[in-house]
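Novice: After the structure tokens below, expect a handful of questions from me.
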Amino acid sequence: MGTQEGWCLLLCLALSGAAETKPHPAERQWRAADVVLDCFLAKDGGHRAALASSEDRARASLVLKQVPVLDDGSLEDFTDFQGGTLAQDDPPIIFEASVDLVQIPQAEALLHADCSGKEVTCEISRYFLQMKGTTVETEAWFMANVQVSGGGPSISMVMKTPRDAKNEALWHPTLNLPLSPQGTVRTAVEFQVMTQTQSLSFLLGSSASLDCGFSMTPGLDLISVEWRLQHKGRGQLVYSWTTGQGQAVRKGATLEPEQLGMARNASLTLPSLTIQDEGTYICQITTSLYRAQQIIQLNIQASPKVRLSLANEALLPTLICNIAGYYPLDVVVTWTREELGGSPAQVSGASFSSLRQSVAGTYSISSSLTAEPGSAGATYTCQVMHISLEEPLGASTQVVPPERRTALGVIFASSLFLLALLFLGLQRRQAPTRVGLLQAERWKTTSCADTQSSHLHEDRTACVSQPS
């Protein structure tokens, strides 16, 4: 068993032993601990780029020295890294990195990853500065990219070897760098960029926050922040911030400038998500000396709507299940049939329509099935499974045999006939009353007209009898 495997085993035993006596969260205290990671060192292929790597890799270890972590009691018997790999035939290259001048917010996730059943991938490569005055023999820079599986964090760190390392007696034969008495390459983390989540899923129309933070040593200046989107071979700028000026290329994209200086937070907010927002986002932070980035995958989802209808009422009726407004494309449609007193059974023979895509980018499809009602009828269910649904979504309808449909039709027609007769009867009952009221109204109108005519005749007579 190697040193790294033994160290992880001891840590897991310590964590399991302290599980039953885990204190209240309020009682947790900060403690400095060494975080040891199994890595690979990408051999220098002569590429002068920010991240130089090749297919050839060598075994390596990364020891983050005395990282502050919250201790819940499980680190009581924890032992820091002691080295001791020089006696091996093929010892890994050990990088000791101090974190005195930067913050590692997700150190706990790195420390407990093995015991939590998560995998940590770590790759170290040379980092080349585009500047003069650096001495390769005594100064070197490395980039360490660390990722935790299962939705864990991802962190990229720029590490620098100290200038006084030239006084060391031991030298690494391939790196041509001085080694400590323990046989390690001593470095210091001067800049790091991290994200808490490497992949996110949001519903269509909602808002998304893409996490991106950084930490740097005093003396470095923040130059720019850039968010870019890569999707289906195309790249585009989403948001940029340079020396105090922010510009949103994607409508509504926001980044809080005050958070850059105070909290070292470069997170991006995207409101009213559309299908076009899906893809790989790159958060790139540039300082006066270093540049690093994080990659975040944003997935857009839209839940389907399911509607089941009866297309015809033939001897063997056809059922149509409409699935509309879903994204992404993959969807599973199953049909089940259940007779009275029986259990649901999956049926085959369904056909599908051509795929349809809306202007918004969502998909729709229809599934048709010829139903067999049987002698007592049956209930058919169209069930849809999609990544946006926590559980399958279904719609059901009951299909009855032809004789029952005929009987039901007769009952329905008879009911309509009886209702019509009842309505006519009520109309006839109300007819005499309405006729009487109408005649009374006519008599009243005639009487008033006769009275007015009489008065008019008297007035005319009076006018004629007056002397001139």
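All positions are counted from 1 along the displayed chain.
Every residue, even glycine, has its Cβ placed from backbone N, Cα and C.
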Novice: So, in Swiss-Prot, which cysteine from C283, C382 is disulfide-paired with C321?
Specialist: C382
Novice: Among C122, C212, which cysteine is annotated in Swiss-Prot as forming a disulphide with C283?
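Specialist: Disulfide partner per Swiss-Prot record: C212.
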Novice: Between the Cα atoms of C212 (disulfide bond) and C382 (disulfide bond), find the distance and write it as a whole number of Å.
Specialist: 43
Novice: What's the CA-CA gap between C321 (disulfide bond) and C283 (disulfide bond) in angstrom, rounded?
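Specialist: Per the Cα atoms, C321 (disulfide bond) and C283 (disulfide bond) stand 43 Å apart.
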Novice: Between C283, C382, which of the disulfide-bonded residues has its C-beta surrounded by the fewest other C-beta atoms within 10 Å?
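Specialist: Each of the disulfide-bonded residues C283, C382 was scored; lowest Cβ tally within 10 Å is C382.
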Novice: What is the separation, in Å, between the Cα atoms of C382 (disulfide bond) and C283 (disulfide bond)?
Specialist: 43
Novice: Give the number of CB atoms, excluding that of C212 (disulfide bond) itself, located within 10 Å of its CB.
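Specialist: A count of 25.
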Novice: Using DSSP, break the domain 'Ig-like V-type' (181-297) down into helix, strand and coil residues and give each count.
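Specialist: Within the domain 'Ig-like V-type' (181-297) the tally stands at 9 helix, 67 strand, 41 coil.
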